[in-house]
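Notes for the one structure printed next.
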Amino acid sequence: MAMAAGSTSLGGRPRVQRPHLSKMERVVVNMQDPDHGVKMRSQRLLITVIPHAVAGTDIVEWLVQKFCISEEEALHLGTLLAQHGYIYPLREPRGLALLPDETPYRFQTPYFWTSTLWPASELDYAIYLAKKNIQKQGALADYEKEQYTLLHKKINHSWDLVVMQAREQLRAAKQRRKGDRMVILCQEQTYWLVNRPPPGVSNVLEQGPERGSCTSRRVQMIQSSDFYKREIECFRKALGRNRVKSSICLEAHMNFSSQRGPHDPIMSGCLPSNPWITDDVAYWAMNAPIVVAPTKLRVERWGFSFRELLDDPMGRAHFMDFLQKEFSAENLSFWEACEELRFGGQSQVPILVDTVYQQFLAPGAAHWVNIDSRTMERTLEGLHQPHRYVLDAAQLHIYMLMKKDSYPRFLKSDMYKGLLAEAVIPLETKRRAFQFLWKPLHSSPSPALQLASGEPIAASSPADDQEA
Amino acid sequence: MCDQTFLVNVFGSCDKCFKQRALRPVFKKSQQLNYCSICAEIMATDGLHENETLASLKSEAESLKGKLEEERAKLHDVELHQVAERVEALGQFVMKTRRTLKGHGNKVLCMDWCKDKRRIVSSSQDGKVIVWDSFTTNKEHAVTMPCTWVMACAYAPSGCAIACGGLDNKCSVYPLTFDKNENMAAKKKSVAMHTNYLSACSFTNSDMQILTASGDGTCALWDVESGQLLQSFHGHGADVLCLDLAPSETGNTFVSGGCDKKAMVWDMRSGQCVQAFETHESDINSVRYYPSGDAFASGSDDATCRLYDLRADREVAIYSKESIIFGASSVDFSLSGRLLFAGYNDYTINVWDVLKGSRVSILFGHENRVSTLRVSPDGTAFCSGSWDHTLRVRKTSFHFAV
């Protein structure tokens, strides 16, 4: 077995950095298509004529047509292209914004694209600033002067090189035609506006903390035999799994969404009103976890699924009442105790397991639950080494029992029907006519205050202190 | 056995052969050891049988993957938008910003709602974590973390604590207190420890367990009280960026998405991956379950959102538009699952009709990328956080098309 480590390359395809850049580049390339691109014209700037310019409004129009979007969206997209330096204004290249009028723009040369020339080198920046400084005293903006001084300190040892390069580039530029000179100046300026934005302008190239650091040059990931074996195992299991036909699954989503539509405030509104619209919290008060009179929609939801019923404290309470009438309340209590175990603190596990055993599983227990003998046997065995999942099998058995048996009976019961009949449908509260009559918004006590027993509840101050 | 090894410049005594060499950290069942490169490479090929090489294992994995795609395709008899043809189209939505929360001095990275439907916790680049009553816009608590880029935060189900973490590689839990004499930072509990940044965290059904996702490629389940690691989840080939717990009734599963373009569904009890999907073309920034628990949506840097069905075991819808070029950073469903809200890195929020696959609305307003987006627990509003330092709570009214 040779050192197969040599064949371990970086697992999978290399990570594509910032896919949005190549997509933007495709857009600007399409914009420059002679047949289907944006209408090009020559732009006169004082006495010079610059070819291949486009008007801002034409850019927006082209985007509207090409992507079938609104003008607002097209302007937004065009602005992003400008902010990333793919198009630049010919006349006033101090800021990269897209104006939807006759303002002339040009497309940045691929040499200066972010994907080509990134990250921007400090040396290049120093040369650029030096050029600007040499050309015209005082041409540097304040922030540029600061940067210049900083760089001077930092790369002092190469400063001669910087100045020499700057002079050389200026000299070479003089030999070009005026038009070309102006264009190159704009291109460079745009590049630096993107890579060294002025204060107050956000850096569009900022990406946040580095990702996939395991695939960067510094760090190398070696996929070991374990990794592949695990993948193979995963795939084998996946191949053996039962799949459901798409038509059935998708039909289920349709039914789910249409059943829940009337219960979705975003889709159907909510009664009496959406608190965020009318500033009236009645909706929240009426739908608090425990209320005297639950709303009709809420009681209806208890009929959608067993989980929906259990998730609602009121629903669960009524279901418990029902089970008590049927003398099977210990099932729900057992299920609740199991949930407490599963999601409880690690240190509580032994105590909880013991409590559950004493109350529900031990022979002669006060709330003995009826589990099939095989599950009971396995569970009792597992109790010797208690862990938080030791009751899973028993819990599942009881859950299914309730779901398949007690729950359907509950839904057919007079109790549930009565709840449904009594349930409230709130009246709609229209938005207040005189909205400017400002009154403090209802502040509610924080749930965190429930812990502070005996301490006075801190009154929240009204909403008039919005700090900037 | 280790599954991933990383190369780092550390010099010292190898934990295996004890020679003085350049070392790299190696993980054996979540325990970190330092091996020299020779021992690390031997370990990588440990467990290979005769006639096996890493290359042969890799190609076996590839061919099985191909077979799996074939199997998945066999039962795909209809597309979602075809099934959705008989559903009524949605009309115009009006979504106005009803609250703007200003107070973070820097990029907002993450937010979460409290179960009381009005409070939220948000975290930002400068280490600030703020708890707001977003209805009144009051700030109720604020704490400054000792690290920058707090990329994950979560509200405890009881509403009495919050969890957060980021570049400190940890997840810490802060109990919320109104006692003026108490310093919130003093009661801080360090719960999770990863070997790279924390990208996402979420409490399970109680305040006592936390699930975390990290840039070190793993997810983990922790006991809050003791900080004990209860289960770790290995299988992603790169940073894990997001996770979401399933609203399922009996199982405990969750889905995670990562830089390896994979979305993986895990069994919390066994630590095993039960399903994996790899159709995105770039990092998956956000995953969120469809309310029924039978599907989930993902948002990615490839500028698409996708819907994966768990029973059909495949991707069933792609939400994309040619004009949407920037990555989706955050996704969430409306209560009925009919709408998918997605925040993008181009500062917009796009609202998708989940069933028909079309875009319903585009929302402007943020002045920098939208980093986080959540629908409120009762579905009455949704909140978006952005790199422009603000959070916006928006309500919606729905007008039927005339």
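Placement of Cβ uses the backbone N, Cα and C atoms for every residue, glycine included.
Copied over from TrEMBL:
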COILED    B:51-81  coiled coil
REPEAT    B:101-133  repeat 'WD'
REPEAT    B:191-232  repeat 'WD'
REPEAT    B:233-276  repeat 'WD'
REPEAT    B:277-318  repeat 'WD'
REPEAT    B:330-362  repeat 'WD'
REPEAT    B:363-393  repeat 'WD'
Counting only pairs at least 6 apart in sequence, do the repeat 'WD' (B:277-318) and the repeat 'WD' (B:330-362) share 3+ Cβ pairs under 8 Å? yes
Across the repeat 'WD' (B:101-133), DSSP yields 0 helix, 20 strand, 13 coil
One stretch in B:101-133, B:191-232, B:233-276 has more Cβ pairs under 8 Å to the repeat 'WD' (B:363-393) than the rest, namely B:101-133
Spatial neighbours of the repeat 'WD' (B:191-232) not adjacent in sequence (6+ beyond its ends, CB under 8 Å) are 4, 25, 27, 30, 32, 149, 151-158, 160-161, 163-173, 238-245, 252, 254, 256, 258, 266, 268-269, 271
Checked against DSSP, the composition of the repeat 'WD' (B:363-393) is 0 helix, 17 strand, 14 coil
The repeat 'WD' (B:191-232) resolves under DSSP into 0 helix, 25 strand, 17 coil
Per DSSP, the repeat 'WD' (B:330-362) contains 0 helix, 19 strand, 14 coil
